[in-house]
Amino acid sequence: MNKDTICAIATAMSSSGIGIIRISGSEAIAIADKIYHSPNKDKKLQSCESHTIHYGYIYDGDQKIDEVMVLLMKAPHSYTAEDSVEIDCHGGVFVMQKILETVVKAGARLAEPGEFTKRAFLNGRIDLSQAESVMDIIDSQNQFALKSSMDQLSGKLSESIRLYRENILHEMAFIESALDDPEHFSLDDYPDELSKKMQDVIRGLQELLATADNGRILKEGIQTVILGKPNVGKSSLLNALLGYERAIVTDIAGTTRDVLQEQIHLNGLTLNLMDTAGIRKTDDIVEKIGVDKAMKEADDADLIIYVIDSSGEMDQEDHDLLSYLKDKKAIVILNKTDLEQKIQIKDVEEITNLPVIAISAKENTGIDLLEKQVHHLFIAGEITYNDQVYVTNVRHKSLIAEAISSLNLVLKSIEDQMPEDFYSVDLMNAYKQLGLIIGESVEDDLVEEIFSKFCMGK
Amino acid sequence: MVEQKSFKEETYDVVVVGAGHAGCEAALACARLGLETIIFTVSVDSIAMMPCNPNIGGSSKGHLVREIDALGGEMGVNIDHTFIQSKMLNKSKGPAVHSLRAQADKTDYSMRMRQTLQNQEHLTIRQAEVSEILTEDTDCGMKIVGVKTVSGFTYHARAVVLCTGTYLGARCLTGEMITHTGPNGLSAATHLTQSLVDHGIEMYRFKTGTPARIDGRSIDYSKMEEQFGDERVVPFSFTTDPDTVQKEQVSCWLTYTNEKTHEIIRNNLDRSPIYAGIIEGTGPRYCPSIEDKVVKFADRDRHQIFIEPEGIHTNEMYVGGMSSSLPEDVQHEMYRTLPGLENAVIVRNAYAIEYDCINPMQLKPSLEFKKISGLFSGGQFNGSSGYEEAACQGLVAGINAANKLLGKEPFVMDRSESYIGVLIDDLVTKGTREPYRMMTSRAEYRLLLRQDNADLRLTKRGYEVGLISKDRYDWVCKKEQLIEQEIARVKEIKVGARESVTKVLEKYGSIPLNTGASLADLIRRPELDYDKLAELDPERPDLPEEVREQVNILIKYDGYISRQMKQVEQFKKLEKKKLPVPFDYDDVSNLRTEARQKLNQLQPESIGQASRISGVSPADVSVLLIYLESYYQNNKDQKHDA
């Protein structure tokens, strides 16, 4: 098993500046030697030191394919702990495909999804939760998500889960000792003590769980809905954001939403922007569908940007919408500051606690204030990635939730005055669920499931 | 029939070596399954002897006895006939830790078991010391062919069960005095160890001990707390009619050690063979000598001591909790510090005993030696401690010896089926470095492994083995059905918030209903149970007590029970992933070195068993899971999920 050598394209299949083809396995270096030629055609990679870079060309037989840099990493000092070679070539789908084909022709086989990481795991380089973080890194779309994935990879999540497990184990051991040696271990007053201790653990786990949503926001971006009455300048705002010099705009592939959606990366955060139909009471059926859809998007959104035309009047509709927004994460924009101001910031602040910003989408003024506010809401506020562990993985999230509900059952048993030996079932469950996160308990279907989810390459 | 070849050799199907609690069960099982069986003992008078505590059962050990009974073993029936006091322990706790313990009349217990053996068809008793095991080499390794006694007599057999207890290479220690004897001054078995070592079997040396026995006439009981038996005695055996075991019971007595006791012990520790370094064997942590307790729990100013009768034919009293290997003169002084024992006259001294046993990791879950086909073992020889632990292993070893000769599959119970399964799995998978004692905490699925449902769990298995009658099997099936029907019925019964209902609830201090509830909901209330609610349930059928008990427990704790069942489901998944045996784990290159060594050595039968080997980490288990997948893809003809 794992005796064969695998290869894959490790970078995105797009016309980016650089492409990487990775090879791993006992034959990796020999295979690379078959297709790599140094400028003088006198160098053999097999006789080179580990962790060295070599300039040269990839040849398919006599045909030169590309000018490349070859990185050499010998076992066990590589990602997979096997002999590994990375070929850095000029990006471009055709060139990368061609090199990959040549590598396969030379004796490697195409890697299955997640196989590089699977090998790293099997070779003891990383544990399960670290392996899952690799997947998150691959998926993560911005620097904050990357940071939290890196935290998991370096074991911060494992560390806090391990601590809670130790707490639980300690109590299980105490109960068991008391059952078997009642002369020396007394359970008098113990239920209350256990209840307090488990409430602490539950609180800790709930805090971890609360980061899960932030973790998703970091990983997938902030679902942002631009809301407002017709003609207040929602589309101009969207365009202004897209045109903002500090924003990097990307396409969102495969969106099925009937709402205009754009993605921008702003100061480390990803915003998935949705423009919506203007909100107003209407009898027009088509328009009403648009309005309903807009409200539904707003219900599911992480952030709502509510736009008001500052040159117009506030009406009941504005009041209703502002009151709808009062429990949500939202920013109020007073647009059209280039026109005569009929509504001032203080007027809006009187009827809402939400932050209010005055901008002119048309003249691109105030966008920097909006950027700061978004950053404040999502980063400077409750999310501070330096001292907090993020749960970014769905499996981890549901396991933590299950552990919490098992511990709640323990509290329920205490409340119901059940005999102490009944606590163990649910304590054991909680202990196991948490163990599954860090790979200290095993379930048969888990391992395959995790690795099958990996994308090609890593 | 027994084939008599010549004066110096005989042929049997099965040889059982040792007639203690393990040997008796092993021999009875084989003989009852129709195999010609011979059982060896150093003294026929010591068959089923109880050389230590005068009771059967106790916390978690009571579970073992009920399981032995459900599988068709003898121990439960034997104690039901010979007990002199009985008590259900831990009644204030949940049903999973209720445990039955009975004081035995030691002489009657031993005598009745001896008669049972003597009346058993196909069973021969022989007083002789076995000195060698005889083997032959075959294509697939060593195979047992018989045993030899000290006198040079050869007994041919296709299976041998070793149950040598504490007799192998035994020596007893009381302070400076050392005798090379087995328990109770009986002669030790001095030859067999060498033969086992010559066959490549790894031996351990363990130690255990027993307290002094005191002349009952010298005890002042007025200074002790009297401990009574239960008013309504519950028998051990599912075949015993409860009405037949209600009889007059004797009392036990509780007293305590004190600072004076501890001082005498501390002052004489240098004369204790353990602390002086004379004892090489490892003692049981969970059954410590009084010296150990005083040293380990230095902050305690007293320890419980139970004074228990050894029987009704003797005035000897057992001093439970005070085993010792201190010298005779220190013992004399030490026991007399206890309230009530000021004038105690010692009949027999306390002593420690050292003996040879094996590393049980050499055994398969069937208790057959991995390296010697047809050789089985059970009891203290396997590194356990206690009568009940011994008996259940003897039963399993005996069944498996018989199954092997009858061409049947090995009889193995997993950790979710029985305490016996837990015990054997612990021994053969994790091994032990001290005498292994059963404890409730070792059984992770104990909510399902209750003493009250041992019959429901195991009678069918005992029937398949052939040790349970058709009648008994039929009754368990019927019982299952009655329980199921009654639970369904009780869940359907609606109780309204009527005044008559409130009256009944108030009687038991239960909050009145605001709205309707099912009878099952009321049973779940801590202060109520199935029987108490009979008056709210006029249609209730007349059901036996054992059925009502199950209905009550299964309804009352159904949430916990179903959660535990889910845990068992997960557990079973890994148990069902069978590993090839034998198998070279060097082929799995990704295992950590320690895990590879342990796996090669232990040759586990399933991924589940592998996961419990110390030194095999969850990461190694993940590696095995992935490896196994591709292994069976490449070897499609092999069994995957057994």
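Every residue number used here counts from 1 along the chain in the order it is shown.
Heads up, the Cβ atoms here are built off N, Cα and C, so glycines get one too.
Features as listed in TrEMBL:
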BINDING   B:Gly18, B:Ala19, B:Gly20, B:His21, B:Ala22, B:Gly23  FAD binding site
BINDING   B:283-297  NAD(+) binding site
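Here the features listed in TrEMBL are painted onto the structure.
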| residue | record | CB count, 10 Å |
| --- | --- | --- |
| B:Gly18 | FAD binding site | 34 |
| B:Ala19 | FAD binding site | 28 |
| B:His21 | FAD binding site | 35 |
| B:Ala22 | FAD binding site | 33 |
| B:Gly23 | FAD binding site | 31 |
| B:Gly283 | NAD(+) binding site | 22 |
| B:Arg285 | NAD(+) binding site | 12 |
| B:Cys287 | NAD(+) binding site | 18 |
| B:Ser289 | NAD(+) binding site | 26 |
| B:Val295 | NAD(+) binding site | 17 |
Secondary structure of B:Lys293 (NAD(+) binding site) (DSSP, helix/strand/coil): helix
Integer Cα-Cα distance in angstrom, B:Ala22 (FAD binding site) to B:Cys287 (NAD(+) binding site): 20
Taking the centroid of the Cβ atoms of B:Gly18, B:Ala19, B:Gly20, B:His21, B:Ala22, B:Gly23 (FAD site), which other same-chain residues have Cβ within 8 Å of it? B:Val16, B:Cys24, B:Glu25, B:Ala26, B:Thr41, B:Ala48, B:Cys163, B:Gly165, B:Gly378, B:Gly379, B:Ala390, B:Gly394
Most Cβ neighbours within 10 Å: which of the binding-site residues B:Glu291, B:Lys293, B:Phe297 is it? B:Glu291
For chain A, which of the binding-site residues B:Ser289, B:Lys293, B:Phe297 fall under 8 Å by Cβ? B:Phe297
In the three-state scheme derived from DSSP, which category covers B:Ala22 (FAD binding site)? helix
Say you check the Cα of B:Gly20 (FAD binding site) against those of the binding-site residues B:Cys287, B:Glu291, B:Lys293, B:Val295, B:Phe297; which is nearest? B:Cys287
Between B:Ala19 (FAD binding site) and B:Ser289 (NAD(+) binding site), how far is it from one CA atom to the other, in Å? 26
Validating a neighbour-count step here. Other CB atoms within 10 A of the CB of B:Gly20 (FAD binding site): how many? 29
Using C-alpha atoms, which one of the binding-site residues B:Gly18, B:His21, B:Gly23 comes nearest to B:Cys287 (NAD(+) binding site)? B:His21
Have a look at the binding-site residues B:Arg285, B:Glu291, B:Val295, B:Phe297 and say which one has the shortest Cα distance to B:His21 (FAD binding site). B:Arg285
Roughly how many Å separate the Cα of B:Arg285 (NAD(+) binding site) from that of B:Gly23 (FAD binding site), to the nearest whole number? 25
